[in-house]
Amino acid sequence: MGNARVLAFYITVCVVAFVISKIVIAVLLYRRWRRKQMVVRDSFCGGELVMFRSPTMKSLNPDTFLKKLMKLSNKDIIGSGGYGTVYGMTIDDTTALALKRINRGSAERDKGFERELEAMGDIKHRNIVTLHGYYTAPHYNLLIYELIPNGSLAAVLHGKPMDKKVLNWPSRYKIAVGMARGISYLHHDCIPHIIHRDIKSSNILLDKDMEARVSDFGLATLMEPNKTHVSTLIAGTFGYLAPEYFDTGKATAKGDVYSFGVVLLELLTGKKPTDEAFIEEGTKLVTWVKSVVEDKREEIAVDSSLEDCPANEVNHVFNIALMCLEPDPSKRPTMAQVLNMLEQIKSES
Ligand SMILES: Nc1ncnc2c1ncn2[C@@H]1O[C@H](COP(=O)(O)OP(=O)(O)OP(=O)(O)O)[C@@H](O)[C@H]1O
């Protein structure tokens, strides 16, 4: 009898200790979550503002932000794309934000939407555009990004000839390495690994030092109902899609490597992958460059505004681009290998 009592006592102590430890862990996790983000209800429009904790957002007063948000108009538009309109918002001399407005879809999607955004908010890398938070209103969602001042690579490369002058060879090489670093981080260092699924020159933004910042990562996944990190839904942009994508519809890291190869060709040739001149001739940028490189006549493919660029470095980058553009995905290098090869070019020269 005495032994049974002792046993019952020990079991009770163990159960109580177990329950208390679970409560302590839950409280700690909740406090950590609260520290990571701040949620503000907007009584005026019935929306909810979620700000991820960061030095930028620390200095941002939510009321100031919400007041400025209500005043946004067409003159604040800085771009628009397949997902919605992008507005610029200056908070003060040191803080400027880019707000991507996305029309709201099904309630089911919106639940996962918030979870996915919180995961995206954790990703901080100098070659990736930071997501500072989001705002959900009854009829739309707004993603709050840092504002990247020099616009997209597509706009600079294919815009006014004057703007393109800033893209000399050292600057194009720096952009290529920065892009590779950002995508390699998503593929290899994030847990779970992230496939971008829409690498293209309009998703590469240029910061004040003309350093590449990969944007829109996770958006293709976010906009897809019943998402997983590897998708089976056709997304992405024609001209950049890997050939196997049309057969399998499956997004893979090697698909991102192919799209990266197309952007490298854009940087080298200054031509758009969907250039009308190619379509008229029944070819495309990738096929044309492959034939030129096979004939060892890279110089005719190089952008005419890249005068006096070191031929050996340019040829190296052409070769790396062609490795990324291998029709068989298993023959393409990983992004980590691509980054390594690109970095070696400068160390060799
Ligand atoms: N964080 C940002 N900072 C500065 N400008 C931005 C930012 N995000 C987007 N933009 C601008 O808005 C434009 C549209 O961006 P968005 O990502 O919506 O569309 P896209 O990339 O051009 O096309 P798609 O939606 O098909 O990917 C960009 O080309 C860029 O000029």
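Glycine residues also receive a Cβ, built from the backbone N, Cα and C atoms like all the rest.
Every protein chain considered, the tally of other Cβ atoms within 10 Å of the Cβ of K100 (ATP binding site) stands at 22. Taken residue by residue with DSSP, K100 (ATP binding site) is part of a strand. The ATP binding site annotation in TrEMBL covers K100.
The annotation domain 'Protein kinase' is assigned in TrEMBL to 72-345.
Residues or ranges marked as transmembrane segment in TrEMBL: 6-30.
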